[in-house]
């Protein structure tokens, strides 16, 4: 067993074969195998709750093909071909093989997804969190309840926007190695730049000036419920909190629940958000009666010096250790603590593709559509998109939108200011810059306005809807959002965007396939013997191309998730493991009929054995005579 232990999804069926130990497959003895050849048999053992990686699948697929070819040769009396293949032919075969493996892998994933989804639904469909998320009636009731809470966060955001809190807000990041510690950058030497592929860690950036804003909602008094059983409903939990805390000053305001944790039997974490309350001094009740003997002055001094009891501490004493009564599913005891938000939530760096102008424009379109959709849930009097557009227009007219701080050297600009060009002298600096591999263009007004609008929309989604735009994750409070995505995201400086990365970003924004071809093998490069070695230095290295491929795939997945929300009617539910309701009902009904002859179909619905001439007649019989059974089955599959 390797370091993955029982979590390893692909188990190899391995045999060491020697001339004295021939391999038998399905009754056929395989003799023509090299000495001590490692054979991986046609046995793919998969966990139902995990998908194996592509490399593991590819290794199994190749070995499986070898075994099948060997069996076919033995059956037909053929021999293993000994002809050596040329390099070009071998390369073409490798390309064709990869396409076959990819197609087989996609089919395997789709089939496994269906199995996993079906098993998941059957296992959890009776749990409260599942009903809240997937049952239409329960989900609709919860969304309305959530919208009531979000109207309060909207009002706070609207006030902050009008007072100018977000006027300097930006998602532009600065590399840690270039930061001066005050939201700016240190000066670089003339011509020095930063390659994005040298700094592709998620923690490489610091926010620019104005970008380090924190949502004050995360600091309001909150209790943490350490674990909530999947049988406990939100309604029961809220009623329990209201009974013990009330809803006045310092009392219950909102209950936030996390996603279920499959590693802990789908238990959830909870946050009880409290209304602000006045802090009170802790009383030292000595119980000796001396407070009645005229010690008013001394008591006034002691109360002033005594530690205060916070709103959260008072609420903690009311909830911790209390039990929720449930005669049907069993009682549940609450273990509660005081929630401590992270002191300095980390902001994650986005892939460099998000810094390209085309990508910014595409993300802005998606963000506007998403905000419009979520604003509809709040009601006609809530229109965050219009508010943001008006604010950005005002800032643009005031000239308050400035290009982000960059680390470009200022010595070149100073030199141009000091020395005027002589008559007939050509300015070649711009030509030199265009030959470089990095884009150092300055954002124009139009791009600045788009970036500002996108940044405000992203922050609006976080503050009002607890929605991370780039993670495509929605929660019911800032606490669950902070747990999944602590501080949001930052864009990398546009100056570090390579020319190749710009092309990849354009392709991703336009919905085109990955524009780069797979690099040729090293052996081919060495054998070509081209004397012009300098041109090779400008080619994209294999490592850089791998990073760009990962970035491209990440962006595509992120867009697909957003489009599932924005265009649910276009989602192929079969790829997600689902089925159309009609098809699912047909499949389930098929389990309750037995064909005994060419024109004899017996009904197998409980307590029914009637015989019918055709399946159509049987189906009409079920819909008409077994109404309760049919309705129950239809509700279960939908």
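Cβ from N, Cα, C; glycine included.
Curation plays no part in TrEMBL annotations; they are all automatic predictions.
Annotation source TrEMBL lists compositional bias 'Acidic residues' at 419-442.
Remote same-chain residues near the domain 'C2H2-type' (601-627) are listed as 589, 591-595 (criterion: CB distance under 8 Å, separation of at least six residues from the stretch ends). The domain 'C2H2-type' feature in TrEMBL is assigned to 601-627.
Annotation source TrEMBL lists region 'Disordered' at 71-99 (among others).
Taken from TrEMBL, the feature region 'Disordered' applies to 278-309 (among others).
The annotation region 'Disordered' is assigned in TrEMBL to 403-442 (among others).
Residues or ranges marked as region 'Disordered' in TrEMBL: 508-544 (among others).
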Summarise the model's confidence over the domain 'C2H2-type' (601-627) as a mean pLDDT value.
-> 92
What are the DSSP helix, strand and coil residue counts for the domain 'C2H2-type' (601-627)?
-> 12 helix, 5 strand, 10 coil
